[in-house]
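K.L.:
Taken from Swiss-Prot, the feature active site, proton acceptor applies to Glu335, Asp359, supported by sequence analysis. Per Swiss-Prot, Mn(2+) binding site is recorded for Glu335, Asp359, His525, and the stated evidence type is sequence analysis.
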Amino acid sequence: MIQHPRIGIRPTIDGRRQGVRESLEVQTMNMAKSVADLISSTLKYPDGEPVECVISPSTIGRVPEAAASHELFKKSNVCATITVTPCWCYGSETMDMSPDIPHAIWGFNGTERPGAVYLAAVLASHAQKGIPAFGIYGRDVQEANDTDIPEDVKEKLLRYARAALATGLMRDTAYLSMGSVSMGIGGSIVNPDFFQEYLGMRNESVDMTEFTRRMDRGIYDPEEFERAMVWVKEHIKEGVDRNREDLILSKEEKEKQWEFVIKMFMIGRDLMVGNPRLAELGFEEEAVGHHALVAGFQGQRQWTDHFPNGDFMETFLNTQFDWNGIRKPFVFATENDSLNGVSMLFNYLLTNTPQIFADVRTYWSPEAVERVTGYTLEGRAAAGFLHLINSGSCTLDGTGQATRDGKPVMKPFWELDESEVQAMLENTDFPPANREYFRGGGFSTRFLTKGDMPVTMVRLNLLKGVGPVLQIAEGYTLELPEDVHHTLDNRTDPGWPTTWFAPRLTGKGAFKSVYDVMNNWGANHGAITYGHIGADLITLASMLRIPVNMHNVPEEDIFRPKNWSLFGTEDLESADYRACQLLGPLHK
């Protein structure tokens, strides 16, 4: 059984015996316990289990104790460390020198003992040795006997822990390509060096004929298939067929296509994570799967010109339920766009919520909207907006039909209930695919995302000579008047899922206007997640040594390793590029 990655907590202490160390033992160890309690009581793994922490076997005052802690952490699948102390300690003697995992240090802000002095000293050692570390120092002085963690310290500890866990969850997993390059899209030219060196992941690949092989040879669970057919007939609404009359399939042909796309979903899932039921059926090799944390399906054009498209498969893999009930989502990229798949993966591991995959399709200016519809935009839409629409698939959680405190949300599967599942299904239909584009047919996913949800749009790009760079745009979904929505939506493909998105503008750089956001977006796709998580993404990117070339996160929320400031404090974007370039990928 694979262990969850854990956070290692290291209580460091002044090594002087005969009074000094002894007086600090309880306070120091209590700091470690309080950090572990905070993390375990607040954060969860993608499967819903509380995040686990491992505390060093003793306080760390000298090198042998640092070594003992290191040995314990190696055996315990620790993916990141947090060092805590209320006092002076011996910097380079007590630090963790593992170069391939993230590190953070919380130095207690008190007057009785110089915790801040140790923090500064050990961070200097980290910078000198080229091992980045995040510095955490509370804004306000605390009393020596104060066991509470200040709110500003909590925020940084949790931001660090979320991002660090994401690095651990990715490590030693795989990206599975189902097919190859789709329509010349750069993101589907999968770069194994990027996955290996930046994420610690491997790449696997299967030809799309693996789907037909498994269908023809019955390499799927026939009982599940029968159950799925019943569920689909009961719960899935087939949408309006907008095809030309000569391209409309018969009822019998559509019935066969439903059978086909259900099998595609089952096979796509089994390829990613395996299925013990296949071993019972005599298919031991296929039962293992590919240990894929994220995958992508090429589809266009070779598959979709001949077979039903992957929209149903992609939709339900990215959704948090199917005929087997509510479950955690998979991360699955349309058109095998591995870079958007990784963008979705970053979002997912930071939030435990499903992801919207979308084309960044159109910028609608206020003037263009008024010309086309006669409507004057107002509120969050006043400066214009982006039309996010994928070519036929999207997580049903993207409908926004789940709620929290009466507001639309996308939330982890363990918070989802059956009434929300039904609401998603009721607000979605599945029209036959546009056969001018998808000659083999299939069924698209059609819905409208509810407005007023805080969301973050993300994209990872590869730049020759630099490597990966990340783009982040926080903003809100919009709910347009119904007639305005229909007028605009009908100008594209009304059989596809639509999200209207207004990025938050800052008045400068790429966020001077909504047009500038569109104009500076690095690719045709984006990954959209619930919540404003730009600050968490910036922290994660710094751990992986991926510079951020565009974001609208307030400067006070940016949290990177302390040695980033040694690359410059005025132009943070340039400092980020220099730090990432000098340090190189996390796993190289």
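Cβ atoms are placed via backbone N, Cα and C, with glycine included.
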K.L.:
I need the CA-to-CA distance for Asp359 (Mn(2+) binding site) versus Glu335 (active site, proton acceptor), whole Å please.
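P.N.:
Answer for this pair: 11 Å between alpha carbons.
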K.L.:
For the recorded Mn(2+) site formed by Glu335, Asp359, His525, which further same-chain residues have Cβ atoms within 8 Å of the site's Cβ center?
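P.N.:
Sorted by sequence, the hits are Ile185, Gly187, Thr334, Asp337, Asn340, Phe357, Ala358, Asn390, Ser391, Ala523, Asn524.
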K.L.:
Would you mind checking how many other C-beta atoms are within 10 angstroms of the C-beta on His525 (Mn(2+) binding site)?
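P.N.:
Its Cβ shell of radius 10 Å holds 25 other Cβ atoms.
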K.L.:
Can you give me the same-chain residues 6 or more apart in sequence from Glu335 (active site, proton acceptor) with a CB-CB distance under 8 Å?
P.N.:
Ser182, Met183, Ile185, Gly187, Ser188, Gly296, Phe297, Gln298, Gly299, Gln300, His525
K.L.:
Counting across all protein chains present, how many other Cβ atoms fall within 10 Å of the Cβ of Asp359 (Mn(2+) binding site)?
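P.N.:
19, counting other Cβ atoms within 10 Å of Asp359 (Mn(2+) binding site).
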